[in-house]
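What follows is a short report on a single structure.
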Amino acid sequence: MVWYSIVAVRTAPTILHLDMDAFYASVEQASKPSLRGKAVVVGGLGPRGVVATASYEARAFGVHSAMPMAQARRLAPNAAYLVPRFAFYRSVSEQVTSLLRALSPLVEPLSLDEAFVDLEAGGAAWDAESARRAGVKLRADIRAVTGLTGSVGLAASKMLAKIASEKAKPDGLVLIEPGTERALLGPMPVRALPGVGPATNDQLRRAGIHTVAELAEAGEDELVRLLGKAHGHALYAMALARDERPVVAEREAKSVSVEDTYDVDIHDRVRVGLEVQRLADRCVRRLRAAGLSGRTIVLKVRRYDFSTLTRSETLRGPTDDPAVVRETAARLLASVDTTGGVRLLGVGVSGLADYTQEDLFAQAASAEAGNPDEEPEQEPAADRTAPAERRWLAGHDVRHAEYGHGWVQGSGLGRVTVRFETPGSPPGRVRTFFVDDPDLEPADPLPLVPSARHVPAGPEDTALPEPGDRTGERVPSESAAEGG
Ligand SMILES: [Mg+2]
């Protein structure tokens, strides 16, 4: 079922944007008491791996999401480096989503840790005061149920709600009062606006446009001249704080896709093949970052004469395996005539499943985890048949017959080091075992809040004091590894 907002232009700050703070890293810290207050980096541990999320402590060293893991290790050599546990992050994300759905039928998830909510549609808020109350209560409920912090932005549009949550980070709430939007946006750098990437930013800078106010002053004609009709028009509207996009709730996620336009048409068939492989890998990284998998692989090709073709293939089951996506995309490419040249290529995955195939993740990650300095990130097919249960992935949970629940701190040279602690325990002790110790077995993650009470979300509840509220400083915020 698809819901749309009815109110197109609203005057009350009743669109809420929630962004969990350093989500994957925060889940790991909540789960592992010895890592609280420490630099934690979650991501692919192979030589070509990238950072999925860095804790705020790791960000102090300059580590940020989408950074190559090798660079992160140079900046923060003593940080804890962990393999992502997407199935666990997804289960925590579902706890948060159910709190959002209690506020409104209009919840638009953007990723595992980000969503828009139309508070007005759910009757949870109708003006600034009730919106702030709902936001304060939501943050308290999230903390009670998951033990984690999320930042909340409230505004009359999606664009501003997202800007507000970024200003609120970490662990805060910012409400943008209607009427103050343009004054607030004016001094911001143009790249604060959605759709302004590095290339557009450069183009605008060369034209002497640095801030949103300068963007507005430049005028629509000038922006259209600089950036083309569609982009110039859209950017001008945003500079004036005009954004009427509704919150759209969808049960099914749409699709994940990436594409590249080339400055010069590609004629070389081998190069076209390599580009498609690269796009397939990028698409899978984005898919995984969202904790999703999909059944239909789509290839898009725009040829030299602007004719655009799409080819797709539907698999028997959902996948997030880069090898499968690469192979399928290559097969689809074989059916397209590219003589004459190619100006755009794209790879997408649709028919998304709302779960992640954790086993595929574990197996792909195990290839990286074994010896980060020597093992290539290539995932040979033979590797996938190896029993994953004897691979001890950094950060994953285990259970020992005598010492109880713990997590893998590291492994190598036939040994595995385990720290024995649980979300509710004090920081635990480390012990080392042989990798084939029969007393040691993989375990499921324990709940972050041992007896999470389910807090009913009712607008009549009293608002809690909000020490985290702020309206001023800008704090670096996390962004998805592949953007948008
Ligand atoms: Mg976040």
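Our numbering is plain: 1 for the first residue shown, then up by one each step along the chain.
Placement of Cβ uses the backbone N, Cα and C atoms for every residue, glycine included.
These figures come from a predicted structure and were not determined experimentally.
Noted in TrEMBL for the protein shown:
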- GLU114: active site (ACT_SITE)
- ASP19, ASP113: Mg(2+) binding site (BINDING)
- 15-197: domain 'UmuC' (DOMAIN)
- 365-386: region 'Disordered' (REGION)
- 421-484: region 'Disordered' (REGION)
**Average pLDDT across the domain 'UmuC' (15-197), rounded to a whole number** = 93
**Complete:** The rounded CA-CA distance in Å from ASP19 (Mg(2+) binding site) to GLU114 (active site) is 5
**Complete:** Quick tally, other C-beta within 10 angstroms, ASP19, GLU114; top of the recorded positions is ASP19
**Intrachain C-beta neighbours of ASP113 (Mg(2+) binding site), sequence separation six or more, cut-off 8 angstroms** = ASP19, MET20, PHE23, TYR24, TYR89, SER93, VAL96, GLY150
